[in-house]
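Everything below concerns the one structure shown next.
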Amino acid sequence: MSLAFPLEKIAMIGGGSWATALAKILSENGARVGWWLRHKEDVQHLQRTRHNPRYLSSVQFDLTRVFPSTDVEDVVKEADWVVLAVPAAFVKETLDKLDRDALKNKRVISAIKGMIPGRNELVTDYVSERFRLSREKMGCVAGPCHAEEVALEKQSYLTIGSPDLALAEDFSQLLRNRYVKAHAAADLDGIEYCAVMKNIIALTCGVAHGLGYGDNFQAVMVANAVQEIRRFLYALNPQPRDLSASAYLGDLLVTAYSQFSRNRTFGNMVGRGYSVKSAQMEMNMVAEGYYAVKSIFEVNKDLRVNMPITSAAYHILYEKVAPAVEIELLKEKFR
Ligand SMILES: NC(=O)C1=CN([C@@H]2O[C@H](COP(=O)(O)OP(=O)(O)OC[C@H]3O[C@@H](n4cnc5c(N)ncnc54)[C@H](O)[C@@H]3O)[C@@H](O)[C@H]2O)C=CC1
Ligand SMILES: O=C(CO)COP(=O)(O)O
């Protein structure tokens, strides 16, 4: 196979499903991928068997292009591009080991669809401030794309958001292959916030499903969600954007409807009566929407946007209001 990008050096930060899927796409395109994983035994397993033992274990890696390691400083030092793919709740502790100049002269892509808990910041805002990095040097990976379908090489679409369209286009090129189409977009903030919010909506769709509501109700929930997202984005960052594009609506739809969605699965368990703790323990994966709902709810205390779905999810997850009560209230608010 000819290598499309033999000289590009990537640092992949994260050992979960999405990091594994992105490492597959990038390395198969010929990039050199230094791959930080948290557990030494996972690194050793990858080196021995060429498979990630925990996530997307069917994917086999070419170890002449993929270099697993537990040393985040080493992995970052070598790279031109740093791709962040740990859940947002672990960004701080993962990057804490790096000094403030570690990302100087690097281009940083967040593949994370969550906010930094406690700080209620987008990942790119946090990284930009912590590492004194201009947002022009940053981008995000968005779009309706489940890691599980990447592993199966199903046709997928990604959008790279960055205020620097040239950077977004460069990273799009690294991703394009037989089954991935990627394109550049300028709306970094809007795309990143929408990716966070669609997780909250998918989680709440899961709650309704767990309570026995059907497809008719879910379709109305999703339609109302688009309006909720539009109101919030307009209040926060009023610029023209086409919310029907796949980076916004497409990602909302796939997460709300897919069997692979972590957020929907988590919500479904809560709707069926699991406590938040037991639902989290049951999943070996992270539902970003759980953390995101608190961040968005708190950001909205100043904005005061009408956000019935987010408020319902917050009451269920953080104030222990019975899911049936909150969904019953939503029923009356939807049009
Ligand atoms: N899975 C997918 O299809 C997609 C995921 N994303 C985003 O990618 C990000 C990563 O999620 P996934 O790969 O899905 O995760 P996952 O749910 O597959 O796996 C959980 C990850 O959390 C890590 N983790 C758990 N405790 C940790 C700790 N204390 N410190 C550091 N890491 C810890 C695990 O090592 C593992 O990497 C999320 O923001 C998610 O929204 C974005 C697009 C698609
Ligand atoms: O963002 C995703 C698909 O585009 C993944 O969503 P989940 O985390 O709910 O699986």
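Heads up, the Cβ atoms here are built off N, Cα and C, so glycines get one too.
Here the domain 'Glycerol-3-phosphate dehydrogenase NAD-dependent N-terminal' (9-166) has a mean pLDDT of 98 out of 100. Look at TrEMBL and you will find 9-166 tagged as domain 'Glycerol-3-phosphate dehydrogenase NAD-dependent N-terminal'.
Under the heading NADPH binding site, TrEMBL lists S17, W18, R38, H39, Y55, K113, A147, R262, V286, E288. Its Cβ taken as reference, V286 (NADPH binding site) is surrounded by 20 other Cβ atoms within 10 Å in the chains shown.
Long-range C-beta contacts of A147 (NADPH binding site), restricted to its own chain and to partners at least six residues apart, with a cutoff below 8 Å, comprise G16, S17, W18, T20, A21, Y55, L56, F260. Look at TrEMBL and you will find F90, A147, R262 tagged as NAD(+) binding site.
What TrEMBL records for K113, R262, N263 is substrate binding site. Long-range Cβ contacts of K113 (substrate binding site) within its own chain (separation 6+, distance under 8 Å): A88, A142, E192, A195, V196, K198, N199, E288.
Within 10 Å of the Cβ of N263 (substrate binding site) there are 27 other Cβ atoms, across all protein chains. Annotation comment: TrEMBL describes K113, G143, K198, D251, S261, R262, N263 as sn-glycerol 3-phosphate binding site.
What TrEMBL lists as domain 'Glycerol-3-phosphate dehydrogenase NAD-dependent C-terminal' is 187-324.
According to TrEMBL, the feature active site, proton acceptor maps to K198. When other Cβ atoms within 10 Å of the Cβ of K198 (sn-glycerol 3-phosphate binding site) are tallied across all protein chains shown, the result is 31. Under the DSSP three-state reduction, K198 (sn-glycerol 3-phosphate binding site) is assigned to helix.
With K113, R262, N263 listed as the residues that bind substrate, the site has a largest C-alpha separation of 12 Å. Sequence-distant contacts of D251 (sn-glycerol 3-phosphate binding site), defined as residues of its own chain at least six apart whose C-beta falls under 8 angstroms from its C-beta, comprise A142, G143, P144, C145, C194, A195, K198.
Ligand 2 lies under 6 Å from the Cβ of K113, S261, N263, out of the binding-site residues F90, K113, A147, S261, N263. Under 8 Å, Cβ to Cβ, and six or more positions away along its own chain, R38 (NADPH binding site) finds G15, T70, T94. Between the alpha carbons (Cα) of S261 (sn-glycerol 3-phosphate binding site) and V286 (NADPH binding site) lies a span of roughly 10 Å. Among the binding-site residues R38, A147, K198, D251, the residues whose Cβ lies under 6 Å from any atom of ligand 1 are, in sequence order, R38, A147.
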